[in-house]
Amino acid sequence: MNPNQKIITIGSVSLTFAAICFLMQIAILVTTVTLNFKQYECDPPATNQVMPCEPIIIERNITEIVYLTNTTIEREICPKLVEYRNWSKPQCKITGFAPFSKDNSIRLSAGGDIWVTREPYVSCDPGRCYQFALGQGTTLDNKHSNDTIHDRTPHRTLLMNELGVPFHLGTRQVCIAWSSSSCHDGKAWLHVCITGYDKNATASFIYDGRLVDSIGSWSKNILRTQESECVCINGTCTVVMTDGSASGRADTRILFIEEGRIVHISPLSGSAQHVEECSCYPRYPGVRCICRDNWKGSNRPVVDINVKDYSINSSYVCSGLVGDTPRNNDRSSNSYCQNPNNEKGNHGVKGWAFDDGNDVWMGRTISEDSRSGYQTFKVIGGWSTPNSKLQINRQVIVDSDNRSGYSGIFSVEGKSCINRCFYVELIRGRRQETRVWWTSNSIVVFCGTSGTYGTGSWPDGADINLMPI
């Protein structure tokens, strides 16, 4: 074979090998793409709103005669449907409540930068739960914490953290507020934030991080709202707001809000005489609230909200074991479903209850006169029978030697039912503890359980002598 023939033969063989390698590279690439796209294949999106897609990176390092290195294929993940919550599942059947969360904010404040807060609450989006509180514009170990017993200042803001995370310096300040309510409609958060002068406050409605609407004070006397979660059904959120006397006749209105925009306002109707600081929960197809009568009754008002036609009805919890503080002792307390009981009605505390057929679950302080201790129980016939007093399944949440405060309800949707949970505000500092100049709180949270449970007490737990003054 002459030199030219050798060159031609070697060239032909090289070209053949190169062609084979090229074809194998194409085959490997096609196989990789096909397998990955089949693995993540999804149905076409429905007409509902979808979440923005995010790129997914697939990397393969393959060695096969030639080197195919860091092949990157970008594609969109399957669209995730986002729907309004309708809360149509039944309420979970429970035997009592089990411990869920405790943030220990005051104990942590002894050695860390933790916000001074009050009026805490809990609310959940479809994926996780968050704790809220009204901050005082200062941390506890800061001279600005002096005299933070006052409720309404321009420095107060609504704080939001994942449940169980204390309000540290990196906490998000959602809005300016000395009274608030928050809820998630399935697509985004709604925050109702009230601030301003007592005689001319403003309520801002913030939806999906944007200010959408507002309303000014209608009675020029401390416009205020729930201090716990609002409720959204099929895109319509309801929030109870009051403007007027805290110890006399006031003007309560129920606002209906869609994606941050006020679409309707209904006046309070029914037999409730005074309504403040409502603890609301979904009772499909409507919303039900248990509130505070700060004027005439130590029995709690009930507000029923019809989301479809905007109608309102109100009454009082029937249980003769009443829920407010101060109150008469259980032997002499009364409630007959329709009217305030005129028993130590002036003053009170935010609280909660919820119906369970003809019965009622409720929480209240252990003390009849002060915000000390906390207990829960079920009253047989307490929702439907006037002055019913048969109590079962009592639990102590905070023993009577320790302070409590506000409490409220929030709802969590499970696979088959809607569970009811509650939080208790554990107030520390002034007025009772005069060694320090600040007033703040931590929280403890319990949720309904169908299982068994033990006993205990979950107070704030901070030694006031170890705290900054």
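Numbering starts at 1 and runs along the chain as it is shown here.
Using the three backbone atoms N, Cα and C, a Cβ is placed for every residue, glycine included.
Fair warning: this is a prediction, and the values are worked out from it, not measured in the lab.
Now, the feature entries from Swiss-Prot:
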ACT_SITE  Tyr406  active site, nucleophile
BINDING   Arg118, Arg152, Glu276, Glu277, Arg292, Arg371  substrate binding site
DISULFID  Cys92-Cys417  disulfide bond
DISULFID  Cys124-Cys129  disulfide bond
DISULFID  Cys183-Cys230  disulfide bond
DISULFID  Cys232-Cys237  disulfide bond
DISULFID  Cys278-Cys291  disulfide bond
DISULFID  Cys280-Cys289  disulfide bond
DISULFID  Cys318-Cys337  disulfide bond
DISULFID  Cys421-Cys447  disulfide bond
CARBOHYD  Asn61  N-linked glycosylation site
CARBOHYD  Asn70  N-linked glycosylation site
CARBOHYD  Asn86  N-linked glycosylation site
CARBOHYD  Asn146  N-linked glycosylation site
CARBOHYD  Asn200  N-linked glycosylation site
CARBOHYD  Asn234  N-linked glycosylation site
CARBOHYD  Asn313  N-linked glycosylation site
CARBOHYD  Asn402  N-linked glycosylation site
REGION    11-33  region 'Involved in apical transport and lipid raft association'
TOPO_DOM  1-9  topological domain 'Intravirion'
TOPO_DOM  31-469  topological domain 'Virion surface'
TRANSMEM  10-30  transmembrane segment
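Feature map: Swiss-Prot annotations on the structure.
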residue	record	DSSP (3 states)
Asn86	N-linked glycosylation site	coil
Cys92	disulfide bond	coil
Arg118	substrate binding site	strand
Asn146	N-linked glycosylation site	coil
Asn234	N-linked glycosylation site	coil
Glu277	substrate binding site	strand
Arg292	substrate binding site	strand
Asn313	N-linked glycosylation site	strand
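Set side by side, the disulfide-bonded residues Cys129, Cys278, Cys421 differ in how many other CB atoms lie within 10 angstroms of their CB, and the most is found at Cys278. Annotation for Arg292 (substrate binding site): spatial neighbours Val275, Glu276, Glu277, Cys278, Arg300, Pro301, Asp324, Gly348, Val349, Lys350, Gly351, criterion Cβ-Cβ under 8 Å with sequence separation of six or more. Neighbours of Tyr406 (active site, nucleophile) among the recorded positions Arg118, Asn200, Cys280, Cys291, Arg371, defined as a Cα within 10 Å of its Cα, are Arg118, Arg371. Counting every protein chain shown, the number of other Cβ atoms lying within 10 Å of the Cβ of Cys92 (disulfide bond) is 19. Between the C-alpha atoms of Asn313 (N-linked glycosylation site) and Arg371 (substrate binding site), the distance comes to 30 Å. Cα to Cα, Cys417 (disulfide bond) and Cys447 (disulfide bond) are separated by 13 Å. Straight-line distance linking the Cα atoms of Arg118 (substrate binding site) and Cys92 (disulfide bond), rounded to a whole number, equals 30 Å. Of Cys92, Cys124, Asn146, Asn402, all annotated as recorded positions, the residue with the shortest Cα distance to Cys237 (disulfide bond) is Cys124. Here Arg371 (substrate binding site) is compared against the disulfide-bonded residues Cys183, Cys291, Cys318, Cys421, and the shortest C-alpha distance is to Cys291.
Around the Cβ of Cys318 (disulfide bond), the same chain contributes Ser335, Tyr336, Cys337, Val360, Gly381, Gly382, Trp383, Ser384, Thr385, Pro386, Asn387, Ser388, each under 8 angstroms and 6 or more positions distant in sequence.
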